[in-house]
Each structure stands twice: as structure tokens, then as C-alpha cells.
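Each remark here refers to the structure printed beneath this line.
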Amino acid sequence: MSVKTKTITILPGDHVGTEIVNEAIKVLEAIEAATPYQKIHFDFKHHLIGGAAIDATGVPLPDDALESAKNSDAVLLGAVGGPKWGTGALRPEQGLLKIRKELNLYANIRPCNFASDSLLELSPLRPEVVKGTNLIIVRELVGGIYFGDREEQEESADKQTAWDTEKYTVDEVTRITRMAAFMALQHTPPLPIWSLDKANVLASSRLWRRTVDKVISEEFPTLSVQHQLIDSAAMILIQNPTKLNGIIITSNMFGDIISDEASVIPGSLGLLPSASLASLPDTNTAFGLYEPCHGSAPDLPANKVNPIATILSAASMLRLSLDCVKEAEALEEAVKQVLDKGIRTADLRGTSSTTEVGDAIVEAVTKILKEKA
């Protein structure tokens, strides 16, 4: 059996980014050594992004990092940002926005579920309210107001005006709808689709709604889609989150907000992975960028950050970009086993360190894979 090499660009970023990415690499190396399903080698290419890149090169995304990403099978990112770099002309977050745009990462996939039912008690909502929550937010990532025209005008100190433009095309909405439909069809029976917009006041949302309806009815007639105003959906997500189980599709800004709201339901940002894709993962080889939902946590002491979100992001990378579906399933099972054993960082009311959690997951996934041999 020939060895299959997969190239992964590693962008640790700032603060805890290095720690969490190191744990994910450790787990991936264990999978490489133990998997009985195929001979595989992960070739890691390390580069800078964010504040670390600004300090070293003067820009938040150096050309060599972008070029490496373009020539890789996937990108694994830690986290960017921190108070050191403030909100000036050069900001760490600009590196993330640029790489999304340059790599055409148009779809952000964020699940909201419980990696283990033993975590239900950690949710800020009552366990009986959140039990069974299982939704996937598909956010359009390279269009809308974040990439529209904008301007700040100052005629005088007392007279200032600023505006941002929300703009969507039929093509942009069509491709994100197809992504949501593909995700829905990966389940038996297919998952329902919820489309969130503000069609009662925004022209862009009315185009969004019309396009979603057209794509689903013409291309995916077996799927169901329901429309919900974003403000109403935000309330439902807290009152009765399981009502929104399935696939949620929404625009860039609305997706940014609703996915952050959803991320607190499981009790910790340290649990939730994120994938940003440039194409449908219909052959499990879509190019993607994978990162945790949380930020760089500059105030957190060393070896205290929860690495699970990044490790689960690596599991998503295995499944969607690296054609290692069985390895991804083994890794997700390993995470569940470790959580059920109570090996947890402080954000999950545990006492384990970052490296201890990573080591436990390495041990668990190695055992699972060797049992399959």
C-alpha cells in the first residue's frame, strides 16, 4: 500500500493559538502512526498569521503563508488577535479576512451540539431545554456587509457620517444554499433546512429568500426549507434550541452573530469546531480552513486552554478535506471517551491541563484505531 501524503498549512496565530494547534498536531501524528485504514503521512508547513505576523513581518498575512495555504490540502489555524494590536490600521483579524477571501472560503460550517451528554449540566440553559440540540450553521463567509463598500466621512467634529453596504448576488446565495443542501443530505433522513434573514426590511434578504426557495425547489425537491426572521430565530435558539435542529443557512453578518449565540449553549467555546470550505466536500477532499470557534484568550495562563475545539476541528479536516472519514470518527469517539472520564480543563469544571487533555485523547484514539486493525 502506497503512502498518501496530505499537506497541511499550520497557522498558530496569537496567544493560546500555538498551544491548541500543538495538541491537534500531536493527535494527528498519533492517527498517522496508528490508523489501520490506510498509509498516510501528514506534512505540516508552519507559517505566521495575525499579530505574530505583524510583529515579525509588518503584515497580518505574509505572502509565504498565503502561498503555502494555496498549495496545501487544508489549513489548520489557532486563533488571532489580542489587545496588544488594538484596533489600528493594521489588525490581526485582517489576516483572517484576507485568507478567507483569497482562498474563496465561502462557506463556514459550525455545529452546535454536545460532544457528550455528560456536559449538559454545563450549559447556561437548563439541561432539559438543551438536551438533544443538534444543529449545523452554514454561514456565507465572503459576501455581504463585511465585504461591501464602506465609508466614514467627517465634515466637522459634530457632523460625522459612516455607512456599510450589504450586497448579495444570486450566484453567492445559490452556492451557499447548495452547501446547506449537501450537508442536509448527508443524514438519513435528510435534515430540515432553516434559512434566516431579515426579508421584512432588507432588499438583500428578499433576494436571499427568493434564491434559497428557487434552488431548493428546483435542485433539491426532497428537502424542506423554512424561513425565519433572524431576530425571531435568536429568541428561539434560547427558548427552544432543538426546534432549530437541522441545517441553518444565513448571511455573513447574521451568521456571525447567531453562531456565536449558539456557541454558548454547550457551556464552553472550547468545545466547538469550525470549518470554512471553498467547495462542496462531495469527495471528502474539499479545500478548507479549520479553526476553533474561540479567540486567542490573551489573559489565560499557559497550559490552561481547552484544546478540544481545535482537535474536533482537526476531525472535521480529516473528514471533509483529507479523505480520512474513519479516522475522523475514531477521533470524535476518543474525545467523547475523554470527556466522559472527567478529563477536562477548567472551563468544563475540570482540573486537567491543556497537554493532559491532549495526551488523553492521543491515548484514546490510538487504542480505538488499534482495536480496528
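From the backbone N, Cα and C atoms, a Cβ is placed for every residue, glycine too.
Gly88 (NAD(+) binding site) falls within neither a helix nor a strand when secondary structure is assigned with DSSP, and so counts as coil. The annotation NAD(+) binding site is assigned in Swiss-Prot to 82-93, 295-306 on the grounds of similarity to another entry.
Sequence-distant contacts of Arg100 (substrate binding site), defined as residues of its own chain at least six apart whose C-beta falls under 8 angstroms from its C-beta, comprise Leu141, Val142, Ser276, Leu289. Per Swiss-Prot, substrate binding site is recorded for Arg100, Arg110, Arg139, Asp231, and the stated evidence type is similarity to another entry.
Under the heading site 'Important for catalysis', Swiss-Prot lists Tyr146 (among others). A simple way to gauge crowding: the CB of Tyr146 (site 'Important for catalysis') has 18 other CB atoms within 10 angstroms, across all the protein chains here.
Around the Cβ of Lys198 (site 'Important for catalysis'), a 10 Å sphere holds 19 further Cβ atoms from the protein chains shown. For the recorded site, Lys198 (site 'Important for catalysis'), the DSSP three-state label reads coil. The site 'Important for catalysis' annotation in Swiss-Prot covers Lys198 (among others).
Swiss-Prot lists Asp231, Asp256, Asp260 with the feature Mg(2+) binding site. All protein chains considered, the CB of Asp231 (substrate binding site) has 11 other CB atoms within 10 Å.
Most Cβ neighbours within 10 Å, among the binding-site residues Arg110, Arg139, Lys304: Arg139 holds that distinction in the structure as shown. When the binding-site residues Gly88, Asp256, Asp260, Gly295, Pro298, Pro301 are screened for a C-alpha within 10 angstroms of the C-alpha of Arg139 (substrate binding site), the residues that qualify, in sequence order, are Asp256. When the binding-site residues Arg110, Asp231, Pro298 are screened for a Cα within 10 A of the Cα of Lys198 (site 'Important for catalysis'), the ones that qualify are Asp231. Cα separation, Asp256 (Mg(2+) binding site) to Trp85 (NAD(+) binding site), rounded: 22 Å. Among the recorded positions Arg110, Tyr146, Asp231, the residue whose Cα lies closest in space to that of Gly88 (NAD(+) binding site) is Tyr146. Checking each of the recorded positions Arg110, Tyr146, Asp231, Asp260 against Trp85 (NAD(+) binding site) by C-alpha distance, the shortest gap belongs to Tyr146. For the recorded Mg(2+) site, residues Asp231, Asp256, Asp260 set the reference point as the centre of their Cβ atoms, and the other residues of that chain within 8 Å of it by Cβ are Ile230, Ala234, Met253, Phe254, Gly255, Ile257, Ile258, Ser259, Glu261.
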